[in-house]
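Novice: The repeat 'PPR' annotation in TrEMBL covers 74-108, 109-139, 140-174, 242-272, 273-307, 374-408, 511-545. Taken from TrEMBL, the feature domain 'DYW' covers 589-633.
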Amino acid sequence: MKFLNFKIPHSLSLLSPRRTCSFSSQKTQLNKHPLSRKTFFQSNTKDSLISHLCDQKRLREAVQLLSQIDQPPSASIYSNLIQLCVQHRALEEGKKVHAHTKASGFVPGVFICNRFLDMYVKCGSLRDAQKVFDEMPERDLCSWNTMISGYAKVGKLDEARNLFDEMPERDNFSWTAMISGYVHHSQPKEALNLYRMMLRHENSKSNKFTVTSALAASAAIPNLRMGKEIHGNIVRIGLDSDEVVWSALSDMYGKCGSIEQARHIFDKMVDKDVVSWTAMIDKYFEDGRREKGFDLFSEFMRSGIRPNDFTFAGVLNACADHAAEDLGKQVHGYMTRIGFDPFSFAASALVHMYSKCGSIEDAKRVFKGMPRPDLVSWTSLIAGYAQNGQPNEALKLFELLLKSGTQPDHITFVGVLSACTHAGLVDKGLEYFHSIKEKHGLKHTADHYACIIDLLARAGRFGEAEDIIDKMPMKPDKFLWASLLGGCRIHRNLELAKRAAEALFEIEPENPATYVTLANIYATAGMWGEVAKVRKAMDDKGVVKKPGLSWIEIKREKHEFLVGDKSHPKSHDIHNFLGELSKRMKEKGYVPDTNFVLHDVEEEQKEQNLSYHSEKLAVAFGIISTPPGTTIRHQPITSKESTQVLYLSYLCG
């Protein structure tokens, strides 16, 4: 007689003596009733077989065995099968188990129905979960919460809220699932409104998960007043000893601009972990207080807790932003001593830091030490080459990136187009620009358009530039118009300069840079009447040009200079050095270009203004204050900076 087309595991034949004896006795009785032997054997072995397969995580075989049985197994077997489907996220097998319950006549209770709900939600089939939910003759709180949580996690907040409003009773999980859903899907105001509603509900009580979600919502808006109210509630309900809550409080105060209160909360935390330290350090950097951030990082190093990749990446990015290469090298040394992972994004942050600080050889060395450089590393090094006078190397590296199979993104192409601008490769730049969409399937961004207009304007190819501007799918931004205006200044294109300036006046009427550049263009053309009109427009609108400022940092001490500045203690030595340098340059045939000096003054005075520019004063101070051979790092501001400050970072040794 053929029974089941399935091999019984050997381990199941090793029954206990008592069980074997009992089974043999019953089998003897069954021999008298051959029609019932198959049914009896199935009823005594199927649960054990399926249970054994579930224990061994052999889901497919367990479901296959289930499909060969007409009679339903016990509810516990169904429960085990469903749980295994959840663990493997095996939706198809889960559907087969569900179908078997219907075909076998098994009537699931609330517990098994909830298991199916949980399985469908976690396997990503909310439609099937909703169907089960709708067909349930009886639902408990778990049923409602499972559906609400499932919808909220995937961002279907309207469906989640409808269920939330319909449910007959709610617990802390219900409120938290809905509030956190709003937070995670960028609806912090709705999250806070629901949190207020929860506080008014007589049967609700906040727990640490609820308040941390509410604090995250306050931080996202940001809403310091509401954050303080939540803080007060935390104290009243006795959650002010929980480290997770303290961390969320510190994060809220930091993001709401109350950095001192964030630090106060941080200092009161007893068991600070690496996440808490890293978050507080990053808050200082985000608030522009780099010294505080670096000091806290040094304190962290002494705490005995080992930093992670997020810590290193945050500090290295701050070093890059402030051209603090000396500190970046110290961090690199520490990472080397503890053995950082070359596959990690901290290694990418190293490449970025060295590239931004102008240490291209160091950036290249780290890059080559990475087994598989990620796109961030490729892009950082490409941009580093472009910004530090090696545009051809940048383009070579980009071609290597393409050969490596790594797909560039829109940021990568900003570096590539910048390299073409520095190298004067107009046609090559246009080729890359068009390939962004045609070859790589990416969309042109405003940054791409600003770069290509800058490239064309510098080359004097204004017709092509205007054609691209007129066909742009988006409205040109201030960076594009500023690039065009800069090109007009170089090539003295008055008409197009007026168009660019008018667009900039409309976008940012209080930016003095536009007025100054336009006045420079008129001054170069000798149109002093127009220069006077620009100056009057500035006066009428209250626009004031701040004097150019440059600073240089030597041994962590910052020295600032204005044009013609004589307030520095070493001002006499600086001016003597520049005077001697200017004299030697002229002897070698150097002729200063005074075309872009705004003031209608004598040529000698124009040369004087150029000779004692704030940047030259800063560099001169660096040269006379340090040993020969010391490297001076120059970090110009980007076109997206609103000020006209030039940053000079100085590295001793």
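Here the Cβ of each residue, glycine as well, is placed from N, Cα and C on the backbone.
Just so it is clear, the model here is predicted, and its values are computed rather than measured.
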Novice: Any residues 6+ beyond the ends of the repeat 'PPR' (374-408) with a Cβ under 8 Å from its own?
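Specialist: Same-chain residues near the repeat 'PPR' (374-408) but 6 or more away: 345, 347-348, 351-352, 354-356, 358, 360, 363-364, 367, 414-416, 418-423, 425, 428, 440.
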Novice: What counts of helix, strand and coil residues does DSSP assign across the repeat 'PPR' (511-545)?
Specialist: 27 helix, 0 strand, 8 coil
Novice: From the DSSP assignment alone, can you count helix, strand and coil residues within the repeat 'PPR' (140-174)?
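Specialist: So the counts come to 26 helix, 0 strand, 9 coil.
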Novice: Below 8 angstroms Cβ to Cβ, which residues of this chain, lying six or more residues outside the repeat 'PPR' (273-307), approach it?
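Specialist: Counting only partners 6 or more residues beyond its ends, the repeat 'PPR' (273-307) has Cβ contacts under 8 Å with 243, 246-247, 250-251, 254-255, 257, 259, 262-263, 266, 314-315, 317-318, 321-322, 324, 327, 334, 338.
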